[in-house]
Amino acid sequence: MLALLDAWFVAPFDYGFMQRALVAGLALSLAAPPLGVFLMLRGMSLIGDAMSHAILPGVALGFLFAGFSLPMMSLGGILSGLLVAVLAGSVSQMTGHREDSAMASFFLISLAAGVMMVSLGGSSVDLTHVLFGSILAVDSTALLLIAGIATLIVLALAVIFRALVVECLDPLFLRGQGVRGGLVHGVFLGLVVLNLTAGFQTLGTLMAVGLMMLPATTARFWSNRLEGLMVIAIGVALVASAGGLLLSYHLSLPSGPAIILLAGMAYVASALFGRQHSLSARFRRRAAPLNPSGPAS
Amino acid sequence: MARLKLHDLQLARGGQTVLEHLDGRFQDGAVTALIGANGAGKSTLISAIMGMLTPVAGRVECAVPRERCAWLPQQLALDLTFPMSVEELIMSGTWPSHGAFKGYCGPHYRRGREIMARLGISHLAHRQLGELSGGQRQRALLGRTLMQEAELLLLDEPFANVDIETVEVLMEVLRDMAREGATLIVVLHDMEQLARLADDVLLLAGGHGRWVSPEALLEHHTGQATRAPRLPFDFPEDSHAGTA
């Protein structure tokens, strides 16, 4: 029995590439879900997706100039992601265009520009790598970069936490206090870009969003409290990362999709059986007897 | 004394002038009712007073420090699905002294609990805002402004969708705040509430503002105790209180 457990859960991590992949996955799992929780609570769940497309042209440019150099590609990704966020924000402020439509327009332009650049400069194999990543190919430099960015995100989020919470509930209160809500919002979007850039090497630009959003949406079925949401989301991400890696090792599956699909399974299971808002919770509530001393109306 | 004054104010929304030639002063330690039909410019004026809308012409002179100005928006303006407890909301009123980083300590929590007791929501301290009724939420929001030690408080229809008991609690707290010297501006529709609460009335109609005393306004509308008068307002010139 022990031998079986060892063979399944411990032995795979004797390999250096699996160790690095695990550490990278765990680092991302600490940084990404809290951002996802805030995106979800602000009704911006799809913005992460938009931003992931926005980093593509920068990654492609980095690739064109420096070949397969992770620091250059990451730098390019961060710059183009921030540029798109700032452009979308400014266009929406200056024209009165809604931010989500401005964001949609810019990310579509970025996506097309990015794919065009990758195609002009490399083969379709490179494009696949940028879009879908490969956590098993994480080297020490990449690992340092990922861990560094994850640490920065956690620290920055701690610094802006109170402002972010207050701004989510009542942006005008913060403005009334002389804090520029746009600043908090901007820093937050910057962290989302950073996180996606850290994630693209391991999961690809498209699926890096998965580790951010799926744990958050899963957590919504289990907790009504902010701290609860964060802890559960991080837990789901940690399990999905480690579990996905093991599955990909044993069953020869691509690692990125294995991780995200595992998180996706947690989401579907929670939607069915979660404590709050889930299908079964609705059924339970409908079947519960009338309670005269129930919650105040 | 008046720390809030309007000087020949002209305000516009979307290129359309909403209010013009608005003058006057809001008395300290008094409740001024802001009345007018939908679209008369009540919310526009509040935005300008809060410094969120730049006047086309004229100016708002406000001697109250910015962090002591509070705005109790209509509940619809808040994202009430956001997971936050009543206590957390009230503690966020410490922003002027604590900002984004400083931790809360014993005396602040004690003050928070006192405020909740005063508003009758102590038992709801750990409830999420989304689980509260309209009245309970309104009490919690007023609790935040008490925590903020607001000296200028603007309230946009604070008694809408609120139970009678809450109206009583809110009125009492608002009167106390005025007694302690705060300047209160309340958007109201209900003449009965106006009669009980307001010391002064600023009436907005047809793009202009007029200051009237509550007594004169109510006297003119005897027999219509519960609804605001139809606007444009048919109030006779001779009973103009003229605090402007």
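Positions of Cβ are set from backbone N, Cα and C atoms, glycine also.
Note that TrEMBL annotation is computational and uncurated.
The transmembrane segment annotation in TrEMBL covers A:20-39, A:72-91, A:103-122, A:142-166, A:178-197, A:203-222, A:229-249, A:255-274.
Counting Cβ pairs under 8 Å to the transmembrane segment (A:178-197), the stretch among A:72-91, A:103-122, A:229-249, A:255-274 with the most such contacts is A:72-91. Between the transmembrane segment (A:20-39) and the stretches A:142-166, A:203-222, A:229-249, A:255-274, Cβ pairs under 8 Å are most numerous for A:229-249.
Across A:72-91, A:103-122, A:142-166, A:229-249, stretch A:229-249 shows the highest tally of CB pairs under 8 A with the transmembrane segment (A:203-222). When each of A:103-122, A:142-166, A:229-249 is scored by its Cβ pairs under 8 Å to the transmembrane segment (A:255-274), the top-ranked stretch turns out to be A:229-249. Residues of the same chain lying 6 or more positions beyond the ends of the transmembrane segment (A:142-166) and with a Cβ under 8 Å from any Cβ of it are 20, 23-24, 27-28, 30-31, 34-35, 38, 70-71, 74, 173-174, 179, 184, 187-188, 191, 194-195, 197-199, 201-202, 226.
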